[in-house]
Amino acid sequence: MNKSYKILLTGSVIAIGAMGLMANSINSREAERKEINTGPVVQAEGVASKNEEWYRYYPREYDSWKQTKKSDKITDLLREKPQLAIIWAGYGFAKDYNAPRGHFYAIQDNINTLRTGAPTGPSNGPMPTACWTCKSPDVPRLMDEVGENEFFTGKWAKYGNQIVNPIGCADCHNSQTGNLGFSRPHLGRALEASGVNLDEITFQDMRTLVCAQCHVEYYFRPTEWTDKTGKTKTAKVVTLPWAKGLSAENMEEYYDEYSFKDWTHKISKAPMLKAQHPGYELFSKGIHAQNGVSCADCHMPYKQQGSIKYTDHNIGNPLDDIASTCLTCHRDSEKAFRDRVASKLERKEQLMKMAMDTLAAAHLEAGKAWELGATEAEMQPVLELLRSGQWLWDYSIASHGSFFHSPEETLRLLGVANDKGGKARIKLAAILAQHGLIGYQVPDFSTKEKAQALAGVPLQKLITEKKAFESTLLEQWNEEAVKAGRLDPKTLEGMSNKSSWSQTELSQ
């Protein structure tokens, strides 16, 4: 009996000890969880724009964010879809347009693209400061320091030595609390203009709306203001055209009311609109949004590390981690689900190509009509169809994921776009016939080189100028940013440097 008692006592002591160790481990992990999720003060005031400053409190999120570095492939969409160079003739996208890469490359891609030109100083170049708006947490830092209107005044090169950290923590999180928040004022204004009560926004809403700060349609609205010295200036303020609603037709009506145009088409002379990336607007019309699914649910799934649950910040294609994203709700096999997505993409690609071929041919036919002496009165109905049809086409595909976020709306828009382009071509055939030309065959635009030549893009000149810029002013920007403590050069280690035009040179 005594022996049994001793065995029981020993076992009890061991069990109690094990339970104590387990409790200590659980308490330790619980304390860690609370520390990470309490929302520590990363910076007492202002905006903590250097992403590495957030690592201390959010190591898992930061390490996963750095994985966006792996998404470094350059896909030259002008080479894959040469119709684009015709469709955008006279606009920057005819020079250079690539598929999106990881957030880690946001600054590099903005600098490398031929669209931003080759400035030689802070006050020249083709683009305004607004072209930095969605590329860096340095943007809200600067808005906080100099004011929104001052930020939006001047040329892109004005802030080359200031905006140096790629899309990261402070773009979506408040530096004082760590909570999700709007770092770009244009979104709050647009939501209110569209009838949203900002006080009623939920945490789940925010898991989409922080993305909507940038994945939206916008334009640069000229805004006069007076600085502290009394000088009148004009800012090009990022504005979301949501006052009439979030559909493509609502925004077209908004732009028409202001007689707004992004550019005049170089070939057809049509007053054109360029859709940016209306991902949020199209997503809001899809089945996922209607069922309360957020962007983060699919693109930033929760991960588990021990007792710690955190959000994966390796933002990318949900199909790359399908077990943690799509298949948590959809009960298909992985193959069946991938096949379903591929089918949606195939249908979109088919209708998109039809619309692009139609619109590109219509622009070239319009150019020929002008060449033969067509009048403004003859061409006006054609130009209206081209403006509207191309807007609907661009709106439907510019956000890249629209075929999945809102497949029905995407296909509807492509169908209407193709119809309007076709109607423009019918009218143009009649105009050309009236001016003595029947059966006109448009020039071949089947390759990037042929299409850019027709669009008047001096590609080699643009590349030469960009290379000169990168070996002079860009190096100066980086040196100044490092010296001022705005950029830690260690964050650039192991980073590839790619562009579509450097790949073009290598292939020649």
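Every residue, even glycine, has its Cβ placed from backbone N, Cα and C.
The signal peptide annotation in Swiss-Prot covers 1-23 and is backed by sequence analysis.
Sequence-distant neighbours of HIS215 (heme c 3 binding site): residues of the same chain at least 6 apart with a C-beta under 8 Å from its C-beta are HIS277, PRO278, GLY279, TYR280, CYS295, SER399. Following the DSSP three-state reduction, the secondary structure of HIS215 (heme c 3 binding site) is coil. Look at Swiss-Prot and you will find HIS103, CYS211, CYS214, HIS215 tagged as heme c 3 binding site.
Here Swiss-Prot flags CYS169, CYS172, HIS173, HIS313 as heme c 2 binding site. In this view, HIS173 (heme c 2 binding site) is surrounded by 22 other Cβ atoms within 10 Å of its Cβ, with every protein chain counted.
Annotation for GLU217 (Ca(2+) binding site): spatial neighbours LEU240, PRO241, MET251, ALA275, GLN276, HIS277, PRO278, GLU281, TYR395, criterion Cβ-Cβ under 8 Å with sequence separation of six or more. Taken from Swiss-Prot, the feature Ca(2+) binding site covers GLU217, TYR218, LYS274, GLN276, and the record attributes it to sequence analysis.
According to Swiss-Prot, the feature compositional bias 'Polar residues' maps to 494-508.
Annotation: CYS169 carries the greatest number of neighbouring Cβ atoms among the binding-site residues CYS169, CYS172 [cut-off 10 Å, Cβ to Cβ]. Within 8 Å of the centroid of the Cβ atoms of GLU217, TYR218, LYS274, GLN276, where the record puts Ca(2+), the same chain has further Cβ atoms from VAL216, TYR219, ALA275, HIS277, PRO278, ALA398. Between the CA atoms of TYR218 (Ca(2+) binding site) and CYS211 (heme c 3 binding site) there is a gap of 14 Å. DSSP assigns HIS313 (heme c 2 binding site) to coil in the three-state reduction, placing it in neither a helix nor a strand.
Taking the Cβ of TYR218 (Ca(2+) binding site) as centre and 10 Å as the limit, one finds 23 other Cβ atoms among all the protein chains shown. In this structure, HIS173 (heme c 2 binding site) is part of a beta strand by DSSP. Taking the centre of the Cβ atoms of CYS169, CYS172, HIS173, HIS313 as the heme c 2 site, the nearby residues of that chain (Cβ within 8 Å, site residues left out) are TRP54, TYR58, GLU61, TRP65, GLY168, ALA170, ASP171. The Cα of HIS313 (heme c 2 binding site) lies closest to that of HIS103, out of the binding-site residues HIS103, CYS211, CYS214, LYS274.
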